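Trainee: One structure is given below, represented as structure tokens, and several questions about it will come after.
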Amino acid sequence: MPGHFRKPPPAGNRLPPPRPGAGRMHRLSSLLRGVPAARMGRSAAMAAAAAGSGGGRRAVVAQLLLVVLQLAGSCGAGTTAALPVVINTWAFRKATETAWRVLQLGGSELDAVEKGCGQCEIDQCDGSVGYGGSPDESGETTLDAMIMDGNTMEVGAVADLRRVKNAIGVARKVIEHTKHTLLVGESASLFAVRMGFPYEDLTTPKSLSMYSKWLNQSCQPNYWKNVVPDSSKSCGPYKRLEKAICEKWTISLRNVHNHDTIGMVVIGGNGTVASGTSTNGGVHKIPGRVGDSPIAGAGSYADSTAGGAAATGDGDIMMRFLPSYQAVEYMRMGMDPTVACQKVISRIQKYVPEFFGAVICANTTGSYGAACNKIPGFTQFHFMVYNPLLSQAAEQVVDCV
């Protein structure tokens, strides 16, 4: 105010006159100092270092632009960083809440992933996880699951598991009681029984009804090609064509609605990462088929030096690109989780433009994101998040790209 001007300092103590624009630069620097460090990626931190070491006005402006981009991203899902965090595919709320409760009770990140995905196995989430869903061509429901420790990089997985309901529990025992990574088929079931899991019938009236209806529709749709008789018109049994015909991959309702794996990433308060998946696979799959879910780097991936990711969708397509591994490597390079997910989707699009799939990503600061491929019948992807900034598990939605 006019009546409160300070007495000028003695001439010997006076500072040199400010450079033109110095006031604006001071305000920009003040603004930047107010941005939480966890919100800034590696590139932003480098810009800040450059500004602090005499990089000058250009470095500060570059830093400001990076911060603005970070803040602009907060309008969408997945930019509020906080630990611990639980994130999983689809709107499987009880799975998220179960995993979060395990953490709050002092359980490990692996415990949270196991119990969270296990909850979906109990609830038969969308009929695509657990018993009583997705019968194969023989009418049998089989299960795939994996779990990964981002500290030790150990993986436990089972595929084509029969007559045992708790697939991810068996996968955890693969880590704890074997030197292997993946067990399959009847042998995986025998292992499960040795580990104390009971034999149980995975068939339900609903799965039998699905199977019966499929048979009455001449086994349509199915996963065969280049066989005789014509697999688009009959049930077989099939034999191979002498001359294979290249077929263009096409979208079907089978792809869009019958691959709703639960994939989960849990990051603890100290940045420890774990991930896992569980599914009963594609409906009416050929017996013995294994998709992406139990494959490390495809279904999910965890690395406590970078983050975690999980994929869902058409596993036969997605497993060819190791999307979860690729997303984690993008985050290791300092990429924002949402951008990492989008780049993974774009990479697959180059080869299969109309594939059905989505990816969730989270880094070790607790920042998270997701992305999906836009096709008819699938334009948005729903996923769940729980962290200390949320009062409850929150359903998030992203528009597909």
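Just so it is clear, glycine is given a Cβ too, placed from its N, Cα and C backbone atoms.
Not my notes, these are from TrEMBL:
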REGION    1-23  region 'Disordered'
COMPBIAS  8-20  compositional bias 'Pro residues'
ACT_SITE  Thr261  active site, nucleophile
BINDING   Arg289, Val290, Gly291, Asp292, Thr312, Gly313, Asp314, Gly315  substrate binding site
Trainee: Rounded to the nearest angstrom, how far is the Cα of the residue listed as 'active site, nucleophile' from the Cα of Asp314 (substrate binding site)?
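Mentor: About 10 Å separate the Cα atoms of these two residues.
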Trainee: Spatial neighbours of Thr261 (active site, nucleophile) among the binding-site residues Arg289, Thr312, Gly313, defined as Cα within 10 A: which are they?
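Mentor: Checking each Cα against Thr261 (active site, nucleophile), the hits are Thr312, Gly313.
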Trainee: Over the residue list Arg289, Val290, Gly291, Asp292, Thr312, Gly313, Asp314, Gly315, recorded for substrate, what is the maximum interresidue Cα distance in Å?
Mentor: 16
